[in-house]
Structures are given as C-alpha cells and as structure tokens.
Amino acid sequence: DRQTLVAVLQFLRRSNLRESEEILRREARLLGDDLGGAALSPSSAGLLGGSGSEADSGEALLGRGTGAAVGASVATAATSSPGVAAVAAVPAGKVGGAVVVEDQPDVSAVLSAYNQQGDPTLYEEYYSGLKHFIECSLDCHRAELSQLFYPLFVHMYLELVYNQHESEAKSFFERFHGDQECYYQDDLRVLSSLTKKEHMKGNETMLDFRTSKFVLRISRDSYQLLKRHLQEKQNNQIWNIVQEHLYIDIFDGMPRSKQQIDAMVGSLAGEAKREANKAKVFFGLLKEPEFDVPLDDEDEEGENEEGKPKKKKPKKDNVGSKSKKQDPNAPPQNRIPLPELKDSDKLDKVMNMKEAARRVRLGPECLPSICFYTFLNAYQGLTAVDITDDSSMIVGGFADSTVRVWSVTPKKLRSVKTAADLSLIDKESDDVLERIMDEKTASELKILYGHSGPVYGTSFSPDRNYLLSCSEDGTVRLWSLQTFTCLVGYKGHNYPVWDTQFSPYGYYFVSGGHDRVARLWATDHYQPLRIFAGHLADVTCTRFHPNSNYIATGSADRTIRLWDVLNGNCVRIFTGHKGPIHSLAFSPNGRFLATGATDGRVLLWDIGHGLMVGELKGHTDTIYALRFSRDGEILASGSMDNTVRLWDAVKAFEDLETDDFTTATGHINLPENSQDLLLGTYMTKSTPVVHLHFTRRNLLLAAGAYSSQ
C-alpha cells in the first residue's frame, strides 16, 4: 500500500540510497500505472506474489524481485529469514535481481516499525478468524482449505518467535497446536522447543520451512473463496504469508474430498506440485543381451540325470523370445553406458534361466514358503542385511562397525592364494579357478574390519565379486569377496550414510545419507558422478530401477523422489507417507514402486503416470523390508512388528484408473481393499524383519535379529 511505500522511500532517502530510491520510484510508478492505483494492494499482490499457474508469468518476477522491495517484503520484513533483513536496493536495469542486505538491526527495526498489520496480540484473532471461516464453509471447500491450517500455524508461530514476542508465541502455540493433523506431531514437537529467536538460527527443520515453499493443491473455487475472505477482512498478515511462503497449485475441477487429500499430504513441504510429476520416465526394461553359446555344454555337465534334449529346446526359445521384443517404454539401450558382460556373467545368466525354468508360479492359491534367517545373540546390534541374487551368501552390517559375511550353502568361503602361491599355478589347466582358491582359508563366516561406526547399509554386486557397506563414519567401502579385504573407501558424505545399493548391472552404485543428498558412484571413480539434491531431510533408503536409468530415494522428509541417472534431474516426487520412508521396491516389470515407512503403510505408485495407486494397511510398525517376487505376482513386506505379510500384487495393480483427469488433478480414489489383498501374515517369535529376498525359484528368505525384550 501507499503508506508503506512512502515509508520505505523515506528510509532509503535517510540512508543516502538515492539510486535505489529512484529505481523504486520508477518501478512503483510503472506498477502503479499498470495495476491501477495502489502499488501493491492485496488484490494485485495476487498477480504478483504468484500462485498456481500465474507464478510462471513475467509479473511473478516483479512480485518476487523488485516488487518485493515495494510491499510484499515490507510487510514481512521482520520475518524474513535470519540472515536476510529485506530487499533494500535493486540494481538498475535488472527487473528480477535484488541485492540482499545483511541483517542489520536498524534495517529490521525500521522496517518492522512499518509493519502495521503485524500486531502480535492479534495473531490469535487472525488465525481463529480464518479457522472459523474455514470451518463454516461448505463441506466441499472445507477439506481443501483445512490444508492451510498447518503451514499458517507454523509460519505465524515462527514470525512471533522471530520478532521476539515470546509470550504471544507461547500462547498462540498452546491454543492452536491441538487442532493440527496427527501426522504433524513430530514436527510440532520440534517447533515447540523453538521459543527464542536464537533457537531458530541453527535449526534445520525451520530453515527448510522458511526456504522451501509449502505446496498446497487447491481447486480454483476454493482458492477464490479464500482470497475473497482474506481481502474482505483486510487480513493482510495471513495473505502475506500465503503469498510469501505457500505455493498454491490451483487446478480446475471438483474440489477433492477429505480422503483424497489425506492420502496425499503429510510431507515436510506439503504435496508435490503437479508439474513435478509430468516429465517422461522410461520405466520399461532393457533388452536382455542375446547369447546361446554355453547352453549346450552346460546342459551336458549339469543335467545328465534328466532327459537333456527335452530341457534344452524350450529354453533356447525363451532366451531368444525374451530379447527380441523391445519394450516401447524402455530407455534407449545406450542411454547410459553399462558395463560389458563378462563370460562369467553369461554363465550366471544361463544358470539363472535354468533356475527360472523351475521357478514356482506364485499367486493367491500358491503362496511362497518362507525361510527365516534369525541372527541370534546379535549383541553387536544388527543394522543391515543383504543376500546375493543367487542366495548363496548373506551379509550383516553391525553397530560394532563390523561387516560379517556368511555362506548359506555347503560351499565354504575361501580367499584367493597369496601372490607367491599363485605364480606356481598352471594357468592353462581346466580347473584354474578352483586352484587359485586357498583351502586353508575356508570358513562359513568372514568378518570384515574397516569402518569406525555402525554399518547401516550393505549390498552385494550382481556378480558376487564385491560387497558395498556404508556407515555412520561417512564412508562407503568396497570389499573384495575374492580376498575379503577392503579395496576402496569412498569419501563424499561428511555425515552418516544410511543406505547404499549396487546397480542391477554392477559398476554403478548409489548412497544416501544424513546430508540430505544421494550420490551416484562408479566403482572405479573416487568422486561421485552425480549428486541428487532436493530432499529436505536425511535420505534414508535408495534403490535402482531395474533398467538402471533411474534411482528412487526415500527420505525422512516423508517423500520419495525418482532421479534420472543420465542428467541428475528429479523426475518424480511422491507424497503421502506420514513418517520417514525406510523401504523401497520396484516391481520386476519396472512400472510400479512400493514404499514403506514408519507409519506402517505400504503405498503403491504408478511411475509412468506419477500417481499413487494403492495403499496396503495392516502393519503396526515401521516397514523395513519390501520385495516383489521374481515375476511380480506377490509383494512381501517385513516390519518391526515382527511379521512378514504377503500381498496380492497382481490384483493391486489391475484395472487402475489412470485417466487424464486423475493424472491432471490428483483426484485419486484408493480402493479400501487392503484386507482382500492381504494373502497371509506370518509372525516371528520376537524378531523384527529387516530384510526380504526371493530366490530365483521364488522361495522367500527373510532375516532379522532376535530381540529378547
């Protein structure tokens, strides 16, 4: 408004900032002429603050850049983030740019004096007025507008604390914190401990809240209703917060129901903008390489007992048929460079196909057997488990910083002989691979020492030659399973690394940690190849897509993001969990993603459309393990509630409504059919489930450490 504008101009003149004053006058006049009268009255602020689609227009730049110097920022100058007082000077010629002035107390003081609407005693009135308005609005709008309660509550509280109105802040918190949704309890606990301006300086959660815009998805009708109400009431304080700190993603169409909204909200920064899930994702699988060389001689050795010719014929076909069809949704074969297949890999693929021929077809009528590996007396505290693809080895990461590898077949683990002994071996002999192994070292268990903190993640390479482990000490280590020694320590994360995983093709691996980023590495590079930044809290779990072109990360900010390995872009943001994410699993066909969190829910996502398509309720505690069976018919979930549950994945993903309207507006209708999809629940005595793995023949292996309490 005019008054504020004049005040700012006077302040600039007093501070001898003539140039800025001139620019501001010019801009104000320009804006004034364009927008009829008031430089930035709340109604035109709608155009400038930019919400929904208007935010992309040029005017939005004015609102955030130069306009900010005029009105928007003046009203909340006292509330702008700790290091920044307000926008004071704008270089000539740059419309969007603004020079930021450090937080000098006099600037803050001067500007907060002009902050007429910010009477601390009225905050409760403003909030309860809005609350009353929303609670009395029509049912169809009420659910949507109720989303405003939480972000406004947090920002108004922070604003009071920041301006050192401590008693008002306290009474504001006490009066309204009980009205917030139950899934924000943890955030509110953090918030309640911030009672002084000094507390805000180092607090990450709050910095996030101030810097990232909270996203709300609201229908145009509900938004107009809110805007009209705030303007009639002259409630500029709330309107300013809406403009400054919220991003309102407006869609045309029916308002969403309470269930539809509840399914999608709950993350640290609200929902994902619809734009965030529009990019094309190549979720199809890569073509299997064609080779049929070793089939014949393999068969003669291994399967003399059974009729050879009968076995061989169909298998040859299926090797060929699988690879001829190119999946239309698959990425180009050479989109990212993948390692060449070695002879041993081909041999392994052949073995895999043989096993697949004997695979059990699972389904509601034919559930898998489950074999549970219990770690007994694991007083070292089991913190991570992985099982090789061929189910021959199992690894445990422990809180005492050791990594322990067991053989689960009768074949013992052996190291390669020393260099002196190797030089004596006849390299031409047929069994050279046997001869290089040192029988004296054979044992069921190998312990790998090297980390200096608890080991939170482990992952075997697909060829079983290497093992990754990541730890609280901030490093990821690569171990050789030939010599059982550490080959490389990858240093990039400065904080604990919570998870790591090899690409399904080997060579690449991903890690995620407390520093809120995931990193993509290649085994032969010391530095990461890609850094995936965007999460607002720890990256708690990481998974490669079966085609290795994408990586999914789950975070304590309660969102899941999908990243493109090629360019490092975030191509999907999934919100809906009400607690930190702890498990991820891609379906074998690459189309779907299942995620599990501390809220005890498994959510199912359609990657191509970027939509939530199902919710599986039943667990009562954090879900630490998710795995699809080899053909994708069954999803197994393992939890801290000491159960393994099996779900009918075929039924969960059939007849999905993914029409354009749903995709455009996010009106998802989740069927309440968890009970129909639950095929079985299997209790352990007192063992939380931390890992699940389907063998190549679809036997389900589960693992966890027995806890005596």
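Cβ from N, Cα, C; glycine included.
Over in TrEMBL, the protein carries these features:
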type     : residues : note
COMPBIAS : 293-304  : compositional bias 'Acidic residues'
COMPBIAS : 316-327  : compositional bias 'Basic and acidic residues'
DOMAIN   : 118-246  : domain 'TFIID subunit TAF5 NTD2'
REGION   : 293-347  : region 'Disordered'
REPEAT   : 375-416  : repeat 'WD'
REPEAT   : 448-483  : repeat 'WD'
REPEAT   : 490-521  : repeat 'WD'
REPEAT   : 532-573  : repeat 'WD'
REPEAT   : 574-607  : repeat 'WD'
REPEAT   : 616-648  : repeat 'WD'
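Sequence-distant contacts of the repeat 'WD' (448-483) (same chain, six or more residues past either end, CB-CB distance under 8 Å): 342, 344-345, 348, 381, 383-390, 392-393, 395-405, 413, 415-416, 489-502, 504-506, 509, 511, 513, 521, 523. Per DSSP, the repeat 'WD' (448-483) is made up of 0 helix, 19 strand, 17 coil. Counting residues per DSSP class in helix, strand and coil order gives 102 helix, 7 strand, 20 coil for the domain 'TFIID subunit TAF5 NTD2' (118-246).
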